[in-house]
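To start, the structure under review is shown below, and the notes come after it.
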Amino acid sequence: MARPAAAEALRARRGRGEKRAAGSGEPRGRSTSRKLVPGLGALGSRLKHSLPDLPYDYGALEPHINAQIMQLHHSKHHAAYVNNLNIAEEKYREALEKGDVTAQVALQPAIKFNGGGHINHSIFWTNLSPNGGGEPEGELLEAIKRDFGSFKNFKEKLTTVSVGVQGSGWGWLGFSKEQGRLQIAACSNQDPLQGTTGLIPLLGIDVWEHAYYLQYKNVRPDYLKAIWNVISWENVTARYMACKK
């Protein structure tokens, strides 16, 4: 009689082990919804993009960029890029799930425009500082002298390129991994620098009218002259050192 009882106990232990193996392996009651699954399931579980906080107050860059511009630029314009990017990506996920290639293609301009706007502005805010201005130091300054002859030449060239953007766009200082050198480039609209040229963005200057019109009207050169007073060379240097690794 003892032998059947032992066999029954063994079967019970095996049954419990099989249930644990079939489950997630996590303690009972703990949710496993945080885990990603391969393929399209992972798309639905990613977090949405959000508007980054500024590292300073809206009025901190005055008198060079006034508080009204900063508030509208950040809380309205950048926020709109973030919101529209989330909407476009959600529609794109739905199109992927349905296998609707036509819809996927049609949504890509919106993702590029709003995604670029989010990327560009997220860099731009950190490129600025109320304690900015002056010249960089150390390795970045040496690289600027090597690739542009002098800091003055670099500043004049980036200013000229930025002022010369037709319509809306950005002037950029970027780093070429392939060449190991700094380069200046302009991008139209919200085209992101790296996705457009392959250059790693170090310093971006927004020359859309919403970045300066309320203060400088249509005189873009005056805005360019002013913005050099709030460039955070500490941030630009950190980006340069990071991309060299």
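Cβ atoms are placed via backbone N, Cα and C, with glycine included.
Range with TrEMBL annotation region 'Disordered', chosen from 1-36, 109-144, is 1-36. Reduced to three states, the DSSP call for ASP206 (Mn(2+) binding site) is strand.
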